[in-house]
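Data first, discussion second: the structure below is written as structure tokens.
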Amino acid sequence: MIKNANFLNISKENLDTVVSDLSGGEKQRIAILRAFARKSDFILLDEPTGNLDLENAEIIFEKLYQLRKNKTILIISHNLELAKKYGDLIISLERKPVVKILKIKHNQVKVNQKQVEIDLFFKKKPLNLFDKFKSLFLFLKTDFKTRGSSTLFVLIFFLINLLSLNLFFVLDSKVSNFNSEKIQQYQLDSVELAKKKNIAFFDKDFQNFERQKEIAVKVLPIFPTNNLIFIDKNYEIPENNVLKPALISSGTPIELIDESDFFRKRFFFDNKNLKGHFIKNENEIILSKTVIDKLKIIDPIGKIVKIHKLRNSNINKNPTTFEVIIAGVNYLKDVSGKIPSFIHYKLVEKINQKFGRNDTFFADFDHIQISLLNVLNAGLNLKNEEVLENIPVKNLILETGKIPENKGELLLSTKLFNSIKNSKNIKIGDFIMIDSEFGQAIPYKISGVFNLTQNSELLSKNQQLKSENLVIFYKNGNDLRKTLYPSGAKIFLRTDDIDKNLARFKAENPNFIFFRDLEWVKIKLLSGTFMIKSILLGIQLLLLIALITFSVLFSKNLVRLKTKSIGILKSLGLKKRKIFIIHLLNILVICGLMLTSGLILTLGTMPYFYTLITNVDFGTPGFLQIFINFIISWFVISLFVFLIYFFISLKVYKKPITELLRYDFR
């Protein structure tokens, strides 16, 4: 301090004297010493030589010139000559406007070499991190305080846009976070398979599924349940087949199960969602609460209910009913919002076998349809007498092909083969579909073609020929048409990674039609959100327009308020990058606040809104997907707001300093 005082020609006696007892010049020097003692980067001096004579004034200017290193010193003075001699930049003022700005190049000033060592006494101490943050905080506080209401509007519309846009993305996201309890309740870990053209499933199909044990944990045959109705035990179907609606229950969903431990472990009888006990055999059933209410069954556990099957509108005059025991009552809804009943698949198989042989229904079934695989609307109708059985095929003379070797192969007459060939270029070894007595398509392989003329003697002994369109089965090959086969299969997959296992299973079984699997359910449910997403998109556009409007107004007002500040910072020679960092700091902070608060709200609310809008309660998009959607939404909106503020600020920054400093905000 003593050295610094000596540098400014301040004696030790002056330092020990009360300031009020000092002369005007001594007070000026003490004030300058105090300013430099604070080690400030910026020093403002108002007429520091006002009370000094010209000689002492020049000494002060020379000292200040030597001390200017690593500092910005702004001096207000009426001594233009000394200002030109020692100043780096002169701003000439007359009342209000800036008249001119003059930059000075110093070639004439000679600094006393003995005094250069003074720089050692005034080393610049860099600001610590706390001081830097404190300075930035003061800038932010000023910005937000002066434009509090407009800042609040920008924050609100920013957040609303962020949540709305993220919700729009989330509705199109893939469900990956599953509720295992709901997955089992809705049986969404399963997939149902069918073949084209209603082709039946055979033992080899199920054997193939059983071999895929890595992903398939349970295989169940499927038989039609769409025409099953439940009837009160004491109700007898009248001969006129006119059923009383109040005494039957139809149209309720039915799920097939068996008595295995696999299904037993999936049913939790808590006397709330499920009452009673699990089925022990095929003669027991878990009935839905809907059916119980419709039939008005009181204390249903252990009671008997009848099951009847309707085939089209034609009901047998003496229909057969099946009686089953109610083992349990189900109160849980399926994914479509209905309460299903659970029946043993073997019971449904028996029901279909019984009613499939209904003589009344098949009384007029005197035609057999032959169709071609993978060809739509291509087929021929044959009469029953055109299908020949028990023909010694080994004695037939064939035009082409070979004698059938098993019941899955057959022979066609030349005319029939050519008729089919006209629809499609078929050849020996191809398969044709023949309808069974149960309405299923049974595939038969064309083994060979025979000529009627060449085999007339053999055929006439076994069949009275009335047509040239003939089919000859191998031995008991026609029995395939008299057997009921599963119409599909239901495969339960491992639940460790449902999406991956489902995709793998589909890839390994490409020749089947898949339905009622997880992807099928998601597409079906989410297709209903199209209107909601359209409305949400319209609202999003309006919100985005509102956000842009408020951002423009906010930016213009704040930039106008800070115009003089920008001018002062430019006049002081602050780097452009630093000016923009200070100026854009409030927008960066707003974006940062929206990043943290928006992320907390998004991760906490998006799963809830997804379930509320889509009605999908078995799973939601994963948190990683929601996070990615949020970051994209936040980046897009932040970029909009930042660019608006940046270009408006840039337009102001390009103005000359004189215009910035004389700008009157009022």
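Keep in mind that glycine also has a Cβ here, set from the backbone N, Cα and C atoms.
Noted in TrEMBL for the protein shown:
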DOMAIN    4-49  domain 'ABC transporter'
TRANSMEM  151-171  transmembrane segment
TRANSMEM  535-559  transmembrane segment
DOMAIN    541-656  domain 'ABC3 transporter permease C-terminal'
TRANSMEM  580-603  transmembrane segment
TRANSMEM  623-648  transmembrane segment
For the transmembrane segment (580-603), distant same-chain residues with Cβ under 8 A (at least six beyond the ends): 136, 139-140, 143-144, 151, 154-155, 158-159, 162-163, 166, 558, 562, 566, 569, 623, 626-627, 630, 634, 637-638, 641-642, 645-646, 649, 653
The domain 'ABC3 transporter permease C-terminal' (541-656): DSSP-derived helix, strand, coil residue counts: 100 helix, 3 strand, 13 coil
Model confidence over the domain 'ABC transporter' (4-49), averaged pLDDT: 70
Distal contacts, the transmembrane segment (151-171) - CB-CB under 8 A, six or more residues away: 143-144, 526, 529, 532-533, 536-537, 539-540, 543-544, 546-547, 550-551, 554, 586, 590, 593-594, 597-598, 601-602, 605-606, 609-610, 613-614, 621, 625-626, 629-630, 632-634, 636-637, 641
